[in-house]
Every structure is written in C-alpha cells, then in structure tokens.
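Inspection log for the structure reproduced underneath, given as structure tokens.
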Amino acid sequence: MSSAPVLAHTREELATLLAAARARGEQVGLVPTMGALHEGHASLVRAARERVTDDGRMGPVVVSVFVNPLQFGANEDLDRYPRTLEADLEVCAREGADIVFAPSVDEVYPGGPPQVTVRPGPLGKILEGKVRPGHFRGVLTVVAKLFGLVRPDVAVFGQKDYQQLALIRRMVLDLALGVEIVAAETVREDDGLALSSRNRYLEPEQREQAVALSRALLAAQENAGYGAEVALDEARAELRAAPGVDLDYLVITDPDLDELPAVVPPGTPARILVAARVGGTRLIDNLPLMLGTRGPAGEASPPNRERSEPGSAEQNKSPGEARTTPSGTSEASE
C-alpha cells in the first residue's frame, strides 16, 4: 500500500501542501468527488496519477471529498448521502493520492450560499437538467471553485456522468480556465451495472433489477448498426421486460448531446443515455454508439425482433417511457 495521503480541511492547508510542488514545476492533478469512494473513483485517481507523472517525476494528485449542497434539490438525498471519510482515505492511500481535500461547507462557501454562480446554459436544461433543475448550476459552481482552490493542470472525471462531463468541458472552454479535462471510462460490476455511490441504497432485489439499465444500453449498442430507431427499440424492449424500473428518459444524441441529423450517414458516432428509478434510487448510465453500419451479417433489420415504425401505435408511450422524435432521438414523456 502507498503511504497515506495528507488530509487538508482548509484552503490554507491545501495551499501550503501544493506550494512546494508548484515551486518544483510539477503538474497538479485533481479528482473531484463527493466521497463514498469505490473502484470507479479509484480508476480516476489512477488516471490522474498517470497524467501528472513525467519522466519518473510525479506531481501531486489531489482528491477532493465534498458533498456539495448546491447540487441537491429540495427532495433529494443530501442528508442521507453517505459520508465515509475514513474508508475514502484508505482508497486514496491504496491508489497513491497525495492530498485529500475534505473541506466543510463553510470553507467552500464562506459567505453562505453563493450569490454568483455558474449557469450551465442550454446544455444544462435537457436530460438531467430537465429532471433536476438547478443541479448543474451547483455542479459547475463547485467545480469552478475547486479549480480556483487547487489550480490543477489536469482534472479527471468519469464518463458515467456524461452530461456533467460535457458541461465541465464547455465551462473550461467558455471561461478559459486552462485545465485539461480527462474523461475516464465507466467502471462496471461483473454483471454490467455501472458503479455508483448510490448503488448501496439498493435492496438485493432492486440490485438485480437495476442491471436492466446496462442491458438496455448494450442491446442498443449491439443493434446500432441498424440505425437509431432500431437501437432505441431494442433498449426499450429490455426496459419493458424489467420489473421495478421507472424510466425518466432514454435518448440517443450525438457525442456533444445535440440532436442527431434527420439523415444519419453510416458510421455516425452517437451516445445513448438512460436515467431511471429503481425503488427510491435514481440511476444513470450511458454508452457510445456507432450508427448506421447495418448488422454484423449485413442484415437490414435485427433477427427475431419486430420493431415499430415511427408514428405507429407502439409509439403511444405511457408516462415515463421513451418517445421517438423526428431526429431519431428519444426522451421521456412529460
């Protein structure tokens, strides 16, 4: 096991710890988290370590552990979100993090709730932003704050929170923050469920039901060569067959979360994203797609599955199910 990271609770402690590294010209890596660390977070720390190591000289990796109240809605799980700092320190030690920054709310927001925040713009109003108003304003504000406190050269985020990743990249571009954003692949359980700190809320039966999300995405990925409509049909079929899954949205977009064009050329990259509740736990997931290259054997449609055509009776979804739009995307019904 690597040596234990140094724990900093205040911005002054953090600045002192980073000063020597900056004087040596070392790069600084940041992994922002809300704690309750798991193997997905561990992979982010490893990615940060790799990016700040140059010719054997290792710059410091900072892991922030801060449950940010600004990104929780009134009826969300702020109070019960797991706080496991001692266990988090063990994960950070194992993965070679140098500093764990675990500030209080007053340390991050010394003037109380901030009066100046980062507005996410149009990209923050769709998907998660539509379901969780104000969420991304809180996320971007705290990330900008952490960038100011740590002043990292590199920051690592997971692709599981894909919309968040896209918004952070946009914020860095629009505000010229000068931080390299590294996207790390989603880490999954053996059965495909994306790792999440909220998975611990799931009862055993709900845990089994939750795998339907990744099964749906894989079904879409396997059939994306037939086009977006078929991919969505296959994903819907998996979700409909799964008990206990309450769908918020299922959507295929381009990699930047814009709508697909009306005509999708073969080999067009895309992203499928899903959000659903299993019991009282809200889960999200996503996968990349490559659209329009037809099936592996050149079939025009997938075997053993009749799919609906746009405008057919099958498109009359009940609330919460996916609905197809003319662009080939899909979003949850109101």
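Glycine is treated like the rest: Cβ placed from N, Cα and C.
Summarising the annotation, Swiss-Prot assigns ATP binding site to 34-41, 158-161, Val187, 195-198 and lists sequence analysis as the type of evidence. The DSSP secondary structure for Leu37 (ATP binding site) is coil.
His41 (active site, proton donor) has a Cβ environment of 27 other Cβ atoms inside 10 Å. Summarising the annotation, Swiss-Prot assigns active site, proton donor to His41 and lists sequence analysis as the type of evidence.
Less than 8 angstroms from the CB of Gln71 (beta-alanine binding site) sit Gly134, His135, Phe136, Arg137, Gly138, Val139, Val142, each of them six or more residues away in the same chain. Summarising the annotation, Swiss-Prot assigns beta-alanine binding site to Gln71.
All protein chains included, Gln164 ((R)-pantoate binding site) registers 23 other Cβ atoms within 10 Å of its own Cβ. The secondary structure of Gln164 ((R)-pantoate binding site), as reduced to three states from DSSP, is helical. If you look up Swiss-Prot, you'll see Gln71, Gln164 marked as (R)-pantoate binding site, on the strength of sequence analysis.
Feature annotation from Swiss-Prot assigns region 'Disordered' to 288-334.
The compositional bias 'Polar residues' annotation in Swiss-Prot covers 313-334.
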Per 10 Å Cβ neighbour count, which of the binding-site residues Met34, Leu37, Val187 ranks highest? Leu37
Neighbouring CB atoms within 10 angstroms of the CB of Ser197 (ATP binding site), all protein chains considered, total 17
What same-chain residues, at least 6 away in sequence, bring their CB to under 8 Å of the CB of Gly40 (ATP binding site)? Gly158, Lys160, Thr186, Val187, Ala194, Leu195, Ser196
With H, G and I counted as helix, E and B as strand and the rest as coil, say where DSSP puts Gln159 (ATP binding site). coil
Here the Cα-Cα span from Gln159 (ATP binding site) to His41 (active site, proton donor), rounded to a whole number of angstrom, reaches 11
Roughly how many Å separate the Cα of Leu37 (ATP binding site) from that of Gln164 ((R)-pantoate binding site), to the nearest whole number? 18
